[in-house]
Structures are given as structure tokens and as C-alpha cells.
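Notes for the one structure printed next.
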Amino acid sequence: MNELRERIEMKQDRRKIYYDKNRKQVFYSPGDKVWVTSHPISNKFKRKTSKFAPRRDGPYIILTQRSPTTYEIASPSDPSTSLGTYHTSALRSYSRNMEADTPLHPIRKRGRPPKLNFPFSPGTNRLPDNSNSVSLPRRRRSQRGRMYLDVNDISRMPEDLNIFKDLERLDLSNNQITVLPNNIVSNLSKLSTLILSYNKLQCIQVDSLLGLKSLRILSLQGNDISMIPDGAFRELVSITHIALGANPLYCDCNLRWLSEWIKQDYIEPGIARCAEPRSMKDKLVLTAASDGFVCTGKPEAEVLAKCDACYTFPCQNGATCKPKPLRDYECICAPGYHGAKCEYVIDACYGNPCENGGTCKVLEAGRFSCHCPAGYEGDRCETNIDDCVDNKCENNATCVDLIEEYECRCNPGYTGNYCEKKINFCSKEFNPCKNGATCIDENYSYSCACSLGFTGENCTININDCLDHLCQNGGTCIDGINTYRCQCQDGFSGAFCELENMVDLLYPQTSPCQHHDCKHGVCFMPSNAKDYICKCSQGFTGKRCEFLTSINFHDGSYVELDPLHTKPDAKVSITFATEQSYGVMLYNGESQHLAVELFRGRIRVSYDVGNYPVSTMFSYETVSDGNPHTVELMLMKKNFTMRVDNGTSRTIVNEGVKEYLEVSSPLYIGGVSEEVASSALRQWHLRNTSSFDGCIKDVRLNGKLLDFMIARKQQRVAPGCSELEENKPCKEHLCKKGKCVPLDKSSYECQCRKGWSGEHCDQELFVSAPTCQKEQYREFLEENGCRSTKMIKMANCVGSCGDQCCRPQRIKRRSVRMICHEHSHQTNTIVSSLKPNVKTGQFWRGVEWKVGYQPIPVSIMQFGMEAEGMRKKKAWVTSSISL
């Protein structure tokens, strides 16, 4: 027995020796860096849970050695404060490789990665568009799929949360969120924990939590929720715990479903209590009987308004309230009212025409007066008291009157509040000359000697070297500094685009579009067509694109026309589109006037035939939404009528002795010149003289479409209104014997007449009797190396019986200019039909040139050059024309 005991003790001793040899104790000195892997053993931290001391925190520094195996540590940022005492088994030596994989966390904080520092400012709700804009620490594997946005003063749910499809935990607690919108987290199918506690939530929409089929924990603790719609939790199939405590729940029949839903699996721990009605006050939602959830009356308006902003009827004067997301609303005003709540009447005082704080008072329909505050006078309180009566300006400075003060406008060479200081020109402190110019002091002024290529008082203007450029053949001049360059069109080259490519010289074009007469568009030759058509550039109309009917306006634009004739009456129609709230649309005025402008998004009309005071009217409709609108204006003596978009017509009368608007000054469209703008503002004809900014598709004067090409002046306008151009695929269709039917905005099909078929209805199916008709076409006349200088319009006789019974009935002879190779001498005669005849005979053609003519080679014709021994001659050619 003793021998057995001795063997056991010897075996235990060997094991202890073996263990001590393998356990090599590490010794640290004060100041060494270490990692911490477990909890402190000092009394200061004994009551804290494991969440307050995560595994592998740090690095930290050794403060002191408390015993052979324990050390006191501190943070490197505050080495004087102890963070606790640790056993050597809880410490690990510092390693840079370990630091690269482990974030630095304060030891006294909870064991999660630090809160993500997303750039939310108070009141904003968007996550960053570029992840590189946020510096995120590397997370430990156990923290992946988690986002902590708590205590960030976020007022709205971030709109881009759905992009984080792998998110498993989302913490938005302790913010200012008031509403949980529909489908805000619908893509977060992996989310298992959603914390929205201690916000200001008042409303949960019925589809707010759609898509959260993996959600297990939902915390809505400490909000202001009174009602939750039935079905709001219908997709929470994995829920195990829901926190609804500290919410003023209104437990009527509309919340009975929540109590029954909780009781199914007891997922609410019995904390949520009812706040109202009185019969249910302070009862637990979990344990309250279902039959106690009854509706005995309407909840208070404050409760119902939490999810319906329109419930309190905020809109006035018969307006319709339209709910919007995030507990917002919009008032759709009845005709004649405006304002956020439709609280204001649209009358002559709309927009408050009185200045300087004056009060507008309606006298009668279309007329008003202004009651001015102290210090102002005038019809619109526009006159200010002159504060320059006792001014202190020196050195002949000009006093400028301001509101209850004045300003001294100094003469050249002086500065200061009262122009009491003389300026030291050309010093380091004051040298206004730019772009390398030399400053020259001239005592009370200065001048600048500009470098080459610059001009202006301070040499800030680049001289336009393109004013006298030498660019040829349609080349575009591009200005530089004291030089320019020519940007050539296709087919030309050289410093001044003076050289034409040899390919164009050797192979001149013979297309029918070579000599087209399209004014503002491009020539287009459809397939299988004999003649060309003109495709107009934007803004132009007409067969040859000769009329400009649509133009684009911007800052400083206007069109000047002849005066508007108002006897016996006048009608003006304008179709336009704009997104700007201000701008002149039409103005014709001297002392009498008609002014039509955009003011705060509505159309303002000022009409005065000479009967004081002026009559004013505003449209009920707002027209600054970018969509096309049409305004119709009718002047009949002192009566003025306006109608917008075929709506209700409205009329004002400038009552008085005078009958007609009599103005001899130009009519302006889309803006006014600077001189006219100054006069119109001074006489209160216009409230704002900025130009119309947008597109005017067409203007009709007394029913006739206005051609802007005949305007007296066009100032900074551009042709076309692309956003208003209608797509008309049948406008230039190729259907011969049929009707064009649009299929969509860009294509069409041909519906053929009886007896015709084919894509363009140009193939005859069956004809009961022979037919003969004229077929017109254009082509160059070419015979024996000679060619006409332009395309000749001719015709053929065609019919179902062929050319045995179809022949021309009449022909016409005319002179055609031809160009030929040198020393050719023949006489050409060409006969084609003017009118078909279904009789016997054949279509024929002959060629002959008169002796003695010296033709010119075709290649010379392209440039109009004369060569020795070559000259242009005339030849008589018989060809068809249309009668």
C-alpha cells in the first residue's frame, strides 16, 4: 500500500515539474504595452458584467506590479488613472500584427464595436452615397452585420437602409424619429434585431415592417405610440420578443388584435400598459380581457392626428387636404385662394404690391390702395424720406439716400465712410490691373497698360480676335489670347479652312439634295421617292422650314414686334412651358399699358387704358410646373378677359372715360429691353422685369400663327422647344395610295386603298381597265459627258397597259444651262409628257448638241472657276413641267 502511494506521489510530482517547465511566466515592467483578455480582479470592477470588459482589449500600458503575478494597467491616453488589476494569465504581450486585426476599444465600454460615425447632421436622414466618405474601424468577426446609429439626433428613418441587405442587427435608439414609413426596411430579410426605443415615434404604418421575416427582437419601448394598425406585424413570423412599454396605447376595439396576437406566444413580457380610454387605463395589454377592448366613442383628435395629419382639418376656405408621407399634408385650394393652408384670397392685393412694409387694401374688384408706414409715401409706399439733408460726405462725394441712413459715394481717388481718405494707387495694397498689365498712377486716378490680347479699364477683357477672322468655307472661329484658330467643317482643311479634300473634287455629289431649298433644316430623300422633303430644325415649320414659330428664352432674352392693334378688339394666345416663377411674357406700354408676367408662379395681368387706377388680375392656376400651358388674352375696349388651359374665363374692367388701349411703342414677347424695363418698373406696370425663362411654343395674334423671323429684333433667343415638340410620325409619311396611321411616337403604317398594296401602298393589285398617269421626278440631265447645272423636274407617262397605249399629250420646250467636256458639239432634244393620253404612241427621247459650243468639264462646275478655252453655254432642252 505504501509503495502504491509513493508511486502516485512521484507521478504527480513529475506532472507538476512538466507543467511548470511548459508554463513560462511572462514578466512585465512599468510602461510595457499589453493586451487584456479577461476581467479585472480588483474590487472596483467586480460587479460589472462581462459586457463591460471584452476579450482582447487594448493595447494598454503596465502601471505598477501589485504582486508577483498581478499588474495594474492604465490607458496610454491617461496613464495616471488605473483601470484595474489583472493576473498575468489575462495579459498578452503587445504585437503589431495583433493590433492590425483588433480594434482599440475603451476597457470600460460595452463589448461591441464603436458606434459608426455616419455623417448624419441634425434633421438629415440619408446615408452616405460613397462608402469611402466614412472611416469605419475594422470589425471583429462576431460584430459583422451590425449597425449602431443610436444617439445621433436622427429625425427621419434613413432612406438608404435597404441597401444593407446582410444587416442582422440595427440600433436606432435614442434619436428623434417620429414616423416609421412604409417599406423602409423591406429588403432587410436577414435582420433579426431592430431597436427603435426612446425615439418620438407616433405612427407606425401598416407596411412599415414588411419583409422582416427573420426578425426575432423588436424594441419600440419609450415612444409616443397610441395606435398600431391591424396587420402591421403580419410578416413577423420569427418574432420571439417585442417591447412596447412606456407608450400611451389607446386600447379600444382597434387594438384588440394586438392583445390577442401577443397572447398566442407570450412574446411581450407584460410591460405594455393601456393609457386610454378610462375603462382600460393602466391595464396590461398581455393580461387584459379581449372583451374589454371596445369602441365606445371616437378617440381624441390628438390621438387620431398622429397618423393622419389631415384629421384636424388644417386647410381653410373649402380646400381639400391631401395626406403626404411623414405626417405631412398638402392643401389643394379652391379657385380664388392660395397659401399653405389656402388662407389667403387671390385678389388685387395678391403678392402684396405695396412696398416698404405697406399694407394693401382692396378697394373693388381689380383695384387696391396702399397704407404706408411712417417714413414712406406714394401710391405703393415707394418714396423714402431723404436722409441726405444733413450729410457728412467730403471731397464732393455723392450722398445716396437709404432707409433711415445714407451712404457716401466717393469720387475717383477717395475712400472711407465719408470719402475722407485719399487712395494711394498702384501700391501693393491697391493695384486693380490684371493679366500682367502695368499700373500707372495718375494722382486722383489710375490707368492700366494692358498686355497683348487684353483690354478694358483693368485689362480683364479678352479681345475677341474673331471679329475680323479669315476662316473660310463655313469654318468656326475659336478665340484665343491675341490669336484665334479655325475649326473646319467636314471636307475642308488648312489654317483658314481654305483647302477642299480631293475626294470631293474628283467625285462631285449628284444627290437631289445638292441644290435643295430647305431654309432651316436638312434635305431628306426617302427611299423610292422621286423628290426630297425638308426636315425642319427645332422651332421651324413650313414646307421649306421658312417660319420660326417656337423659341427658347433665358436671362436677357426678348423679341420686339410691331405694336399691338386693339381696334376693334385683339386676341393673343401663348403656349409656353417654364419652371421659373417670375418673368415677363408680354408687354406693350407707354403710360397706357398691357403687361402680362409670371409672378410667384401665377400669371399677373396689369391693364390700363388710361382710366386711373390700373386694373390688376392674377390667374387662379399656377403655371410654373414645367408642363405646357396655354393662356388666351382678349382685349375688347376697356374689358380684358383671360383664360388658362381652356378653363374658366375671368374678366376685369378698367372703368373710366377712355375706351381703347392706344399704344404706339413696340410689342415685347418674353422680356423687355433695359430702357423699357426701367420705365415699366418706374410706372409700376411690371413687378419684375426679368426675362421669361423657358419655351414659348407658339404665339397667335388674332388667330394667326406668329413668325418670329419677321420680328423687329431678336435678343438672345434660341430656336425650338424640344420639351414641347410633339411627335408626329405621319408628318412626313411616304404612303402613296393610302392613309398614314401612327403606331407610336416615332413609327407609322400605311393603310392602303382598295386595289393597292405594299409597305407604302405603291403596288397595284388589280385594275379592271387600263390606266395612264403622270409620274413626276427630278434628276440631272447627262448626255455624252455633259450635265445640267441643276436638277430638272420631268415626268413619265405610266399605266397598267404599258407604254403601248400611254403617251404624252402635250410637251413644253425651255432653256437649260449645260456643262460639257471640251470640244463636244451636239444638239440634245428631250421630250417628256405634260399630260398623259391613253391612245396609241410611245414615249421617246433624243439627244443632240448644236455645233460651235465649247463645253466646260464637269469637275470645274463645282467651284465656278473659269478656265482658258472653256466657257458655259446654253442648250435648248425639251422637258416636262407641272401645269
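Cβ from N, Cα, C; glycine included.
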Disulphide bridge to Cys342 as given by TrEMBL, partner from Cys333, Cys349: Cys333
From Cys497, Cys523, partner that TrEMBL gives for the disulfide involving Cys513: Cys523
For Cys513 (disulfide bond), the three-state class that DSSP assigns: helix
Residues of the parent chain within Cβ reach of the domain 'EGF-like' (345-382), under 8 Å, 6 or more residues beyond its termini: 317, 336-338, 403-404, 599-600, 602, 604, 613-618, 620, 652-654, 684, 687
Which of Cys410, Cys488, Cys730, Cys752, the listed disulfide-bonded residues, has fewest other Cβ atoms within 10 Å: Cys730
DSSP-assigned states of the domain 'EGF-like' (384-420) in counts, ordered helix, strand, coil: 0 helix, 11 strand, 26 coil
Distance, Cys333 (disulfide bond) to Cys450 (disulfide bond) (CA atoms, angstrom): 61
Around the Cβ of Cys761 (disulfide bond), the count of other Cβ atoms that are within 10 Å: 20
Neighbours of Cys523 (disulfide bond) among the disulfide-bonded residues Cys333, Cys342, Cys381, Cys419, Cys459 (Cα to Cα, within 10 Å): none
